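Trainee: Below you'll find the structure I mean.
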Amino acid sequence: MLKCIPLWRCNRHVESVDKRHCSLQVVPEEIYRYSRSLEELLLDANQLRELPKPFFRLLNLRKLGLSDNEIQRLPPEVANFMQLVELDVSRNDIPEIPESIKFCKALEIADFSGNPLSRLPDGFTQLRSLAHLALNDVSLQALPGDVGNLANLVTLELRENLLKSLPASLSFLVKLEQLDLGGNDLEVLPDTLGALPNLRELWLDRNQLSALPPELGNLRRLVCLDVSENRLEELPVELGGLALLTDLLLSQNLLQRLPEGIGQLKQLSILKVDQNRLCEVTEAIGDCENLSELILTENLLTALPHSLGKLTKLTNLNVDRNHLEVLPPEIGGCVALSVLSLRDNRLAVLPPELAHTAELHVLDVAGNRLRSLPFALTHLNLKALWLAENQAQPMLRFQTEDDAQTGEKVLTCYLLPQQPLPSLEDAGQQSSPSESCSDAPLSRVSVIQFEDTLEGEEDAEEAAAEKRGLQRRATPHPSELKVMKRGIEERRNEAFVCKPDPSPPSPSEEEKRLSAESALSGGSVPSASTASEGEPEILPAEVQGLGQHEAMPAQEEYTEDDYNEPTVHFAEDTLIPREDGESEEGQPEAAWPLPSGRQRLIRKDTPHYKKHFKISKLPQPEAVVALLQGVQTDREGPTAGWHNGPHTPWAPRAHEEEEEEEEENRDEEEGEATTEEDDKEEAVASAPSVKGVSFDQANNLLIEPARIEEEELTLTIVRQTGGLGISIAGGKGSTPYKGDDEGIFISRVSEEGPAARAGVRVGDKLLEVNGVALQDAEHHEAVEALRGAGAAVQMRVWRERMVEPENAVTITPLRPEDDYSPREWRGGGLRLPLLQPETPVSLRQRHAACLVRSEKGLGFSIAGGKGSTPYRAGDGGIFISRIAEGGAAHRAGTLQVGDRVLSINGVDMTEARHDHAVSLLTAASPTISLLLERETGGTYPPSPPPHSSPTPAATVAATVSTAVPGEPLLPRLSPSLLATALEGPYPVEEICLPRAGGPLGLSIVGGSDHSSHPFGVQDPGVFISKVLPRGLAARCGLRVGDRILAVNGQDVREATHQEAVSALLRPCLELCLLVRRDPPPPGMRELCIQKAPGEKLGISIRGGAKGHAGNPCDPTDEGIFISKVSPTGAAGRDGRLRVGLRLLEVNQQSLLGLTHAEAVQLLRSVGDTLTVLVCDGFDTSTTTALEVSPGVIANPFAAGLGHRNSLESISSIDRELSPEGPGKEKELASQALPWESESAETTGRNLEPLKLDYRALAALPSAGSLQRGPSATTGGKTTEAPCSPGSQQTKPGVIQPLAQAWPRNSPAPRGRGGPCSPPSPDELPANVKQAYRAFAAVPTVHPPENSATQPPTPGPAASPEQLSFRERQKYFELEVRVPQAEGPPKRVSLVGADDLRKMQEEEARKLQQKRAQMLREEAVTSGPDMGLASDRESPDDQQEAEQPWAVPSHAGGSSPSSPPPLGGNAPVRTAKAERRHQERLRMQSPELPAPERALSPAERRALEAEKRALWRAARMKSLEQDALRAQMVLSKSQEGRGKRGPLERLAEAPSPAPTPSPTPLEDFGLQTSASPGRLPLSGKKFDYRAFAALPSSRPVYDIQSPDFVEELRTLEASPSPGSQEEDGEVALVLLGRPSPGAVGPEDMTLCSSRRSVRPGRRGLGPVPS
């Protein structure tokens, strides 16, 4: 609709205005401006009260909407709307329609509904154009007699009026299609109603019709007929003439049968005949072939017609609440049936043909008498099968059985057979007060009503409750009934007693009672006990208040529903006390003294064992006297009965505390939620008052509590980085922490926090903090006061202290066998209880514990008690809920999680409140004596419903010291296993977990084939690595670190990991674990680190499963360790995480068994809060040689990690990944060692140049701090060092011989972590080539093992001596790197900026030291007898000469040549030098043999060739290092001219960016006997002649191994920007002297391999100088 906004000079030709829902109170003025053009005006849903006269000038209106207004008068001017077609004035206050309405001749649609009209004007029938007229709810009492003049009417709505008759002229409305007469007072319909030929819908519901005229059968076009809610007793047979009828609604009438003609309604689709009096359904119903919905609810049908099977289109059949006794087998013909509801009938069996209804999805047979279901129903695809009224789940689990009567296979479940429920006609017949309790009202209610029952059986307490209208609801008790409870508590103190039963019931009455109670039990297993005459009966508790609809559905709920509330179950049968005090059901019950004929109702709950005390144990005579007087009081008087309630074990304050409002337990240390206070509606025995003692209803001795005194303390806490270590609760306006006190209380104290060390305890009331009073403060004020208190917090607290009563009775701790049996009265007027031994089926044993309070407290937590969440469902006792590791309770070893606390320091705790127990435990007493009750192996209590929470989680056997005498500790285990288990140093326990279908809540690690680190490092096994906080294992008392010895008797000490998992997952009703309480890993603790917004965590990790070991001291350890802590991250700021710690869990996610990548991903996904469980890992002091700077573990490329996965074994958690992601990193790592896949037998391969980026190498640690694990390459396979890198610590600068690098097949000793001793000469490699390769100064290649016996012969063609100068010059040219066209890829930062700065500082310092040292050595090493060769020798050569040269002989096993003496000042670089050296050796040690004499001439020539090659290589290296030094001088000079040098550019670079080499890393491919290729480093070409003449300078060591170069190769990612701009920049690295562990089998030189060198020559020829 167009809404016109009147603007200046706007177009006023507006045809439609919509002002609905505009809250208009008057008609807008602008509407009048459009009087010439406006045709549609909608003013509905406003607040118009009148229509002004200008309104009726809108003469062109065709549609007017005025509904939902407050118009009180329709003016006669409405006649002006001559062109009006549609008028809607519904839902106004118009009392009458003006007579002038007749002039609106064009009116076709009129709606006057919802107005207080009482009549229509006489001229109304002149509106002959009217087609749709609505007069609903207008209080019409009669229609105009000439209503037939409205000949064009199509729709006439007259619902909700006061019509009692219809005019005969109604039949003239020949165009009428819809007539609605519902909700009137019609009693008779005119016969002329059948003369409406076009009528399609006729609504006659909610009238007073008692019959329908037969003429209705003439309405041939009628589609819908609704005559529901009338008084029809029968239908006319002519109704079958309605050939087009589809909907026939006959609900709520008095029909007793359906006419036979109903079968003629071939188009009938919906037939509703519910709430009638049908006794049968005609067989003609089967002819309604299109019938899809048939509703026959609430009739008197006893059977269904057999023709029902013809209804092939029937989808919904509802026959609820009838008297059906059998279902016709023909129902299987309803193939389209999807919903079949047969609820509340009398069906005893279902026909198997029902399975033919293939589309059946919902079957409701609740409230019948079915014994079983036909097995054929399994063929149906049922979505819901309802067997009971309150069935919790739509589908159940069925079992197959054989029918005892027919022998056929049937389906059954726990809801079958069904219990019959009374029919509805019995609902009004209430039982009289004298009838049995089984005749309870039948209507199901949501509460248990305490109503009139047998007077002789009704307690006074229950009578009082009934008079007050008390309704007992499901536990927990609603808070709104607390006030009502106080009234009952007052009546308890008046010692109401029960009236004795005047006469015992007859056996027939007993049978009725038992049968009624059996019906109430709803599916429980019947007991075999029978009632015997003359013996007192104990009837089920509170049956009076339980309707018969209540118990069975409740049982169904608890069995099927996933969540089960704590329930109270009722005893099904009478419990007959026997002589030994045990009931027929096998549960120990007290044989209480019941008067003759007295019948008691016992509430059967979770079995509890009576805490009786023996008379012999009472230490004081007044306690004995009080006990005897209490018994006499019970027996006094002719009507003395047995009292029914528990005695409150507290002094006068007990009632006040029980009547307190529901309070919320805010003690976070116990971790228990809130619940309402437990309630027992039983009377209290009025025992005489004896100071110090009292009694409960069974005359059990109860010790009164100690007196509570309050003291004020002033404590000072020094705040630390982690806070104060306390939590507070309460405050003004908050939920009180204790009672009604709105003060601030300490709710939690961290065990090792500053507050605990200062003496703060849980329960202290906070009065003042640093002078700020907190008595009436709100919670947030207290929080702000604590936060702003500064470093030293001085607080004033109020603490409660227990003072023992004057005549307190102290109880001797009971031994486990001193459990108490029920008492019986024998002899005369007063009989003492007979003490009998406990029955052998006892599930519990008692033991005493005495704990000495430490500075950290007692070390355990309690849960349960009144006023707190029950630790176990339905059990209000106090239990040990947690034992702190290392606390007093843990060290004592006498407490276990789940132990019930019976008394604390002699004060009974069986019915105590939670806060009382806390007060006793936090008292000032240094020692605490506990009497505990522990569940032991044996029969279990009645199993709770599945998934009930929480349940008694396990039955934990006591340790040997507290076991029951004469009872085997672990009966399921073999004696050998038990003996072996008990021999260990740690306690062994058997823990049983009831399997209820849910998870165990634990994870294991270890096994004979898996590492179990950090558990059992020295003694591997299967360990519990994770326990879910509230899982089944945690409730059983299992802890992290427990060693599993056996699972259900199966020994798993030597089992594999998978076998242990299979044993734990094996289906069984109960899982019994034999565990040994091994101590947890040392240093295990949980740390919480908070990250600031945008702050990085700042740690790096190493290790992981299926990768490189993160523990350098143990290569088998697959744990995750912290390898670096950045001082700028959150971890460095926190200060508790340090290098070497092992990570066990991150945010409750275990890291055990995760790969390195998974651990990195998990750590990177944490939010702002990191909760990490750590323990001690490796000692960083033993791996100091691996560190390049403080707090940084050495780079894996330099730390002897020589594995392909070295790159993947250390990751920074805060590293920004490249766009390529981890896949790119893995690709780089996978390309690191391509030479491994090459054949070692390929010869003549060119060693292509290796391009090393200067920046990448300069960022690596210097050789002075470089640790290289010794490695030997054999046959193309890299072998690991025989010992850990940390075991090789020698002076920097000394090149270790090859003796430390052993192949795996060598006899070198391999000990874990042991020192690597130098080998003996016999253990040296036999191959001469291998020996020389170990010390060659040029990089060589390793021949395969099968070439050991083939010494190389010099090839003359390839000899460097035969090459020209220019050909030799090519070896010394540096290759110019051509920049790549494409842009550099994204760098991956491997070294942080702070680490790079530390490396550079350390490098500069070491270079300074080396320069000074070399200058000093140069003067010493120069001598006159050096000759020409010595002129070129440098201190580097002397260092090499100082090494013990081992020259092994041929494979024959000859001893190596003697090494030169240490400290010799003549390096062996020439033949003359060697002769001089040998002369000195002969002079010093004449007995040394000459190994060369044993060599053949060919071998001697080969050896000489090797020596010469070695010497030439040393000279070439000296020249090359001089050239490098010169280049550095040039770079320094350029730096003075404003250009930056490589070191400065490296320092400014954010991270070392390795440069990718265009050549594959096949430079180090293993070849049979290829010449050593020179490895040119990328840079610009420099002519050898340009720098060969430069003066010799201090050389730079560059001793590396091929695998080291290979690792460096993986660093290459992109050329550094500007790296090619500088003159003289070469890709070299200043590595200083090698580390002790850096045994380089070859040296990397600066030579270029431009051509193949023939095999057999190991070096270069002499270079002309």
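Every residue, even glycine, has its Cβ placed from backbone N, Cα and C.
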Trainee: Going by what Swiss-Prot says, which of Thr675, Thr1274 is noted as phosphothreonine?
Mentor: Thr675
Trainee: Which residue, chosen from Ser974, Ser1189, Ser1601, is annotated phosphoserine in Swiss-Prot?
Mentor: Ser1601
Trainee: Of Ser372, Ser1165, Ser1518, which does Swiss-Prot mark as phosphoserine?
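Mentor: Swiss-Prot annotates phosphoserine at Ser1518; the rest carry no such entry.
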Trainee: Going by what Swiss-Prot says, which of Ser583, Ser1619 is noted as phosphoserine?
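Mentor: The phosphoserine feature in Swiss-Prot corresponds to Ser583.
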Trainee: For the repeat 'LRR 1' (37-58), find every same-chain residue at least 6 residues outside the stretch whose CB is under 8 Å from a CB in it, and list them.
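Mentor: Residues 1, 12-27, 31, 64-75, 77-78, 80-81, 88 contact the repeat 'LRR 1' (37-58) from elsewhere in the chain.
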Trainee: Using DSSP, what's the helix, strand and coil tally for the compositional bias 'Basic and acidic residues' (1394-1406)?
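Mentor: Residue counts for the compositional bias 'Basic and acidic residues' (1394-1406) by secondary structure: 13 helix, 0 strand, 0 coil.
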Trainee: Within the repeat 'LRR 1' (37-58), how many residues are helix, strand or coil going by DSSP?
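Mentor: Breakdown, helix to coil: 5 helix, 3 strand, 14 coil.
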Trainee: Within the repeat 'LRR 11' (267-288), how many residues are helix, strand or coil going by DSSP?
Mentor: 5 helix, 3 strand, 14 coil
